[in-house]
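Some notes on the structure that comes next.
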Amino acid sequence: MGKTYSSPINPIPKAPKGLAIHHWLNFLQAAYRLQPGPSEFDFHQLRKFLKLAIKTPVWLNPINYSVLAGLIPKNYPGRVHEIVAILIQETPAREAPPSAPLAEDPQKPPPYPEQAQEASQCLPILHPHGAPAAHRPWQMKDLQAIKQEVSSSAPGSPQFMQTIRLAVQQFDPTAKDLHDLLQYLCSSLVASLHHQQLETLIAQAETQGITGYNPLAGPLRIQANNPNQQGLRKEYQNLWLSAFSALPGNTKDPTWAAILQGPEEPFGSFVERLNVALDNGLPEGTPKDPILRSLAYSNANKECQKLLQARGQTNSPLGEMLRACQTWTPRDKNKILMVQPKKTPPPNQPCFRCGQVGHWSRDCKQPRPPPGPCPVCQDPTHWKRDCPQLKTDTRDSEDLLLDLPCEAPNVRERKNLLRGGGLASPRTILPLIPLSQQKQPTLHIQVSFSNTPPVSVQALLDTGADITVLPACLCPPDSNLQDTTVLGAGGPSTNKFKILPCPVHIHLPFRRQPVTLTACLIDINNQWTILGRDALQQCQSSLYLADQPSKVLPVLAPKLIGLEHLPPPPEVSQFPLNQSASRL
């Protein structure tokens, strides 16, 4: 029948399109019960048949495997007949609803028979033959896919259990992974009920004895996390799935789950309201004590929850919780008048900085004097940052190097640092070079090579040049020049420029540190000194196009422009330019 089922990366075959995941898991569980085990050919034929059967949905809603068996063609390849037969054998037969008894009075209709709810059945997990599941931690996309599948089903319902079983079979989760999955899928009430039921089942299993369980090695939850204890992990997973049997079977939380303790309500009266609501709302046979304990803590106000957390009684018996919160009383929340402290009066002595009375020295508006003379010019009246010798003389290059508009001195003095004694930040000078049509943008720079002194030269600022160009007279005599082709406005040129592959240092007037270039172009004819974009990019320069007002030309008479010999234009009445036109 083909080779046996191997162990691929994903041991679960993908469900056919249009079939719910929990229904597809039923077919997989039936296939894993075949002896000998199924092959890849059997799964391929099963998916192929289900794709055809979905187009005839007479066996769906509700699913009927007997009708599905009648749709299988005769002599169909694979073991589809055996898989469907196992499903028919393990699925309990649905009894027909009993007919309503006849009423004695013909005027009164007979009572409507209530349908009994089907008990959810959790079967043990069966893994593929020869393909044991490997543990994989949850990812957010996996949790979102599981939550989307069970969003329309209640916790503990058959669809919910089948989807969770498929997730457990695929990922082989540990005890911590199962706890995270429960917190992500269910509400706090359902998680609390499931936790209490799981603790009861674990205590019973530890008492009866489990194969491979050692009481001296810790609880079952700790031993199930051991990767070598695969049997204990499967037992814990089955107990975790069985704990859903005690949950309510409706999709939404009941009305008694929304009962909250008021901010000023005593804890005893809140528990009494919960007790009455559970007596009236719980169905018969549902244990009330675990639900009452869970709601007594989860729906209590913040003050009572803090008291229970501090004493470690979040899951204690109800009597201990009542004794812990019986002394709690709501706090007095009456409004009171807040009296602010009086402001410290100013000192009687004069300020040691300005000599005036009425303020502290930290609030003095006079700048803080320097501690000593300036280390540059030895002037004791200013700080080193304000020394005039450190400022660049911009009188000769006002058209080339412009300063940003700065604030007035009196405005800058008000912007002192907090508790800084009048310290003010120095002025920020940024290079702004205007590009105008009347005057070429030029800069006085200094160029130096390795082990050579800097040489002053006037360079043209060209934002269209990629590489800086230097004349051949500045090039060292022992330089190794390489031929190159330069594409300019006049076309390509091969004999005018050459490349100098050595470091070049360019000193700009507005930078203390020189700009270092790895290579530059050398003009053999000694005509051009161009500062290109490779140098401007290192100094973070920006283009500044100066705004120039447009020229206003006077209106000239015909005599001034030589048109006095032409006849005057004819006067033709036009609409709406004639005088008789309507102005409405």
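Using the three backbone atoms N, Cα and C, a Cβ is placed for every residue, glycine included.
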According to Swiss-Prot, which of these ranges is zinc finger: 259-276, 349-366, 403-420?
349-366
Range annotated as motif 'PPXY motif' - as stated in Swiss-Prot, picked from 109-112, 113-116, 385-388
109-112
What is the three-state DSSP composition of the domain 'Peptidase A2' (457-535), stated as helix, strand and coil residue counts?
6 helix, 33 strand, 40 coil
For the zinc finger (372-389), the DSSP helix/strand/coil residue counts are 5 helix, 0 strand, 13 coil
So what sits near Asp462 (active site, for protease activity) in its own chain, CB-to-CB under 8 Å and at least six residues off in sequence?
Ile530, Leu531, Gly532
Taking the domain 'Peptidase A2' (457-535) alone, what is its mean pLDDT?
84
